[in-house]
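Structure first, commentary second.
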Amino acid sequence: MAASTASHRPIKGILKNKTSTTSSMVASAEQPRGNVDEELSKKSQKWDEMNILATYHPADKDYGLMKIDEPSTPYHSMMGDDEDACSDTEATEAMAPDILARKLAAAEGLEPKYRIQEQESSGEEDSDLSPEEREKKRQFEMKRKLHYNEGLNIKLARQLISKDLHDDDEDEEMLETADGESMNTEESNQGSTPSDQQQNKLRSS
């Protein structure tokens with residue numbers, strides 16, 4: 001009989017039957033409205049944003065960033081604040097040669113603005129440095145000028161290469177002329193007497 005009762009019972013699954021869900025819906029409809037609000041408030045979450053900010057983003061956290069103390073690279077602005085500076089529209093238009101000549105003559109004695117600004121800023125920066133730091137900064141700026149003066153280095157290299165090539169050409173010409181003279185003296189020596197050969201040797205030396 002135990003076998004027959006087991007076969008009559010339905011196998012229960014993990015999922016709820018439709019009959020159980022409909023009965024729960026009827027029961028929930030009978031509940032007052034206040035209980036539904038309590039259930040919704042239990043399901044929703046409230047975030048304490050200030051606590052999250054204080055925990056994960058504290059004010060003293062540096063995020064792995066560090067301050068690098070190195071001399072600033074000079075920036076030279078090409079556009080000036082005065083009216084003489086060319087704007088984009090002026091640059092595209094053709095300028096009359098006489099106007100250009102007058103502007104060049106007027107600007108001939110003036111120093112570029114970026115150099116004036118550089119001198120002013122360097123004076124302000126050097127005032128708060130110790131003598132050792134000033135010397136270190138001066139050496140750094142000198143090395144930077146030497147390093148970034150590549151155009152001069154290329155010109156010097158070209159001059160050295162051309163000088164070496166010119167010297168090599170002269171050496172080759174001298175060897176060729178010396179070989180030619182020795183061949184000429186040998187040919188003349190073959191057709192002359194021993195006394196003539198001695199005279200030729202005395203003349204050449």
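Glycine residues also receive a Cβ, built from the backbone N, Cα and C atoms like all the rest.
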Legend entry - Annotated range (Swiss-Prot: region 'Required for binding PPP1CC') out of 12-17, 78-83, 90-95: 12-17
Legend entry - Listed as phosphoserine by Swiss-Prot, one of SER20, SER127, SER188: SER127
Legend entry - Selected residue, Swiss-Prot feature phosphoserine, from candidates SER122, SER195: SER122
Inset, instruction - Quickly, which of SER121, SER192 does Swiss-Prot have down as phosphoserine? Just give the residue. - result: SER121
Legend entry - Candidate set THR55, THR89, residue annotated phosphothreonine in Swiss-Prot: THR89
Legend entry - Per Swiss-Prot, the candidate from SER23, SER28, SER87, SER162 carrying the annotation phosphoserine: SER87
Legend entry - Residues of the parent chain within Cβ reach of the compositional bias 'Acidic residues' (167-179), under 8 Å, 6 or more residues beyond its termini: none
Legend entry - DSSP-assigned states of the compositional bias 'Basic and acidic residues' (131-142) in counts, ordered helix, strand, coil: 12 helix, 0 strand, 0 coil
Legend entry - Cα-to-Cα gap, SER44 (phosphoserine) vs SER130 (phosphoserine), nearest whole Å: 63
Inset, instruction - For THR73 (phosphothreonine) and SER127 (phosphoserine), determine the Cα separation and express it in whole Å. - result: 19
